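Let me begin by presenting the structure, written as structure tokens, before commenting on it.
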Amino acid sequence: MEHDHSASDVEKEAVTVAEPQGDVSRVEAPVTFKAYMMCVFAAFGGIFFGYDSGYISGVMGMKYFIEVIQGPGATYLPTREKSLITSILSAGTFFGSLMGGDLADWVGRRPTIIFGCCVFIIGVALQTATQSLGLIVAGRLVAGFGVGFVSAIIILYMSEIAPRKVRGALVSGYQFCICLGLLLASCVDYGTQDRNDSGSYRIPIGLQIAWALILATGIFLLPESPRFFVKKGKMDRAAVVLSRLRDQPLDSDYVRDELAEIIANHEFEMQVVPQGNYFQQWANCFRGSIWQGGSYLRRTILGTSMQMMQQLTGCNFIFYFGTTFFQQLGTIDDPFLMSLVTTLVNVCSTPVSFYTMEKLGRRTLLIWGAFGMLICEFIVAIVGTCKPDDTSAIKAMLAFICIYIFFFATTWGPGAWVVIGEVFPLPIRAKGVAISTASNWLWNCIIAVITPYMVDEDKGNLGPKVFYIWGGLCSCCFVYAYLLVPETKGLTLEQVDQMLSESTPRTSAKWKPHTTYAAERGTADKTVAGHAENHSDSE
């Protein structure tokens, strides 16, 4: 077996495997209801991420809010203000995601998430007090830092504690909570749109505090990631936490074998790429050759490009600017209701991925999801261009927008988050996930800035023609998924590490685990239960 992590001699050593080494089927305990519930609650972090992304579309279309920002008698927000208000959140989340990677390695996954919730609450308080453009912008910037902390580290935390057999489904739950947050935002916007006082926008904004408080309280009660304790050399605490996560006795063979595998994999990675100082740790994310599937550079490129491609599908055009886009069409009686319908489709579709993510796999979903989206988007663009004033044609166009959202919600929406949580090895996992999440927010910000200039009537005025752009970009996503996305379903995070080193994206689905790191390093029979004697789990 080869491990292509760098050009070092360690990589070039080969182990000839005639028979499986170690029990590859017993590297993780059976899935329990307790494990499900822990991950399900962690996924709650997606609610305020989705809500914060979704409420702004409706608020920017509210008459009272427009007059607060532009003055009495104003009927619309200029393109510049609309672009700034929408994109500034993503600017904050970009830097928050990068900072979250450092905090997660220094103080732990859990404290970083709780700190992110606190920062987010401060940002929401500023937005709620808004009586001018400056305060809403400042509040969304501060809230963005909090969302950045949480959006990056929740994925990291869930991937590290979730059982391998249901990891894809559970991390998909994070995307479902994002969708649920978007739906809640649309419902609240719809309910307050006609208020002729500051409650029209302060109620949708202020409700976000509740989501942050719920998440922070729940995460406080959950255990820390055992992989964080292994990274810090605290094997006794890792054993106790792993026992709690897997709902197994501390001296269980399952706990012993899984912890031995995590430790052996981490030791191997540390031999290949020593951590060094702060700057060297970040530089490690870019070590190795782009042509080696297991190199750190290749994984970082995969994670960042995966999140970029997710944003280039055009999903946030609907969720950020859906209300104002439907208003511009001029043939829809209630744009707020139509925006609510598209968000409802998003929510109802996402649970399909809970099953398909593990049944069909990540790679298959991403390939066919991109294909389905590009077909729908080109149909919307063609219909909207050829018959812009035909009521029946507009209805058909809206139907295909909903089908497009279905494809996104069941494939690229959750799939991109699942993959970035799986492809990084422990020494760079926090920073790798942070960089990938920052990429998501960078492209989110870029799209939020340029989209109003493309579609507003006094600017590009593309209207439905903008879907030619999204369709072309989804075509790129289709090719990208086929050539570069590996299949990671059913593998532990340590087995994903082996698979990336020994296969290519197009052959990854056929790869089977044949050994364990613990067996190779002679630590398979290491008993870890004794480490935890006289220790209590303070988590």
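Using N, Cα and C of the backbone, Cβ positions are placed for all residues, glycine too.
Bear in mind that TrEMBL entries carry predicted annotations, made automatically and left uncurated.
TrEMBL lists 35-51 (among others) with the feature transmembrane segment. Beyond the ends of the transmembrane segment (35-51), by six or more residues, the same chain brings 113, 120, 147, 150-151, 154, 157-158, 161-163, 166, 170-171, 173-185, 207-208, 211-212, 214-215, 218-219, 222-223, 245-247 to within a C-beta distance below 8 angstroms of the stretch.
TrEMBL lists 38-489 with the feature domain 'Major facilitator superfamily (MFS) profile'.
What TrEMBL records for 112-129 (among others) is transmembrane segment.
The transmembrane segment annotation in TrEMBL covers 135-157 (among others). Here the transmembrane segment (135-157) has long-range neighbours at 42-43, 45-46, 48-49, 52, 56, 69, 84-85, 88-101, 103-104, 109-110, 112-113, 115-129, 171, 174, 208, 212, 215, 225, 417, 420-421, 429-430, 433-434, 437-438, 440-441, meaning same-chain residues at least 6 beyond its ends whose C-beta is under 8 angstroms from one of its own.
Among residues of the same chain six or more beyond the transmembrane segment (169-191), those with a C-beta under 8 A of the stretch's C-beta atoms are 36, 39-40, 42-55, 57-59, 62, 154-155, 158-159, 162, 203-204, 207, 211, 319, 323, 336-337, 339-340, 343-344, 346-347, 350-351, 353-355, 357-358, 409, 413-415, 417-418, 421. The transmembrane segment annotation in TrEMBL covers 169-191 (among others).
Counting only same-chain residues 6+ beyond the ends of the transmembrane segment (203-222), those with a CB under 8 A from a CB of the stretch are 38, 41-42, 44-45, 47-48, 51-52, 55, 58-59, 110, 113-114, 117-118, 120-121, 124-125, 127-128, 130, 143, 146, 150, 181, 184-185, 188-189, 192, 195, 539. Among the features that TrEMBL reports, transmembrane segment is placed at 203-222 (among others).
The transmembrane segment annotation in TrEMBL covers 312-330 (among others).
Summarising the annotation, TrEMBL assigns transmembrane segment to 336-357 (among others).
Per TrEMBL, transmembrane segment is recorded for 364-384 (among others).
Annotated transmembrane segment per TrEMBL: 396-420 (among others), in sequence order. Under 8 Å from some Cβ of the transmembrane segment (396-420) lie the Cβ atoms of residues 155, 167-168, 171-172, 174-176, 178-179, 302-303, 306-307, 309-310, 313, 315, 318, 332, 338, 341-342, 345-347, 349-350, 352-353, 356-357, 362, 365-366, 368-370, 372-373, 376-377, 379-380, 383-384, 432-433, 436-437, 440, 464, 477, 485, 488, all in the same chain and six or more residues away from its ends.
Sequence-remote contacts of a segment are chain residues at least 6 beyond its ends whose Cβ falls under 8 Å from one of its Cβ atoms, and for the transmembrane segment (432-455) they are 79, 82-83, 86-87, 89-91, 93-95, 97-102, 104, 144, 148, 151-153, 155-156, 159, 285, 296, 299-300, 303-308, 310-312, 314, 316-317, 320-321, 325, 328, 416, 420-421, 423-424, 461-463, 466, 469. Taken from TrEMBL, the feature transmembrane segment covers 432-455 (among others).
Feature annotation from TrEMBL assigns transmembrane segment to 467-485 (among others).
Here TrEMBL flags 503-539 as region 'Disordered'.
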(Q) If we skip the immediate neighbours and take only residues 6+ beyond the ends of the transmembrane segment (336-357), which ones have a Cβ under 8 Å from one of its Cβ atoms? (A) 54, 57-58, 61, 168-169, 172-173, 175-176, 179-180, 182-183, 185-187, 189-190, 193, 318-319, 322-323, 326, 365, 398, 401-402, 405-406, 408-411, 413-415, 418, 489
Q: Give, as a single whole number between 0 and 100, the mean pLDDT over the domain 'Major facilitator superfamily (MFS) profile' (38-489).
A: 85
Q. Short question: which residues 6 or more past the ends of the transmembrane segment (112-129) have a Cβ under 8 Å from it?
A. 45, 48, 52, 92, 96, 100, 103-104, 135-136, 138-150, 153-154, 157, 202, 205-206, 208-209, 212-213, 215-216, 219-220
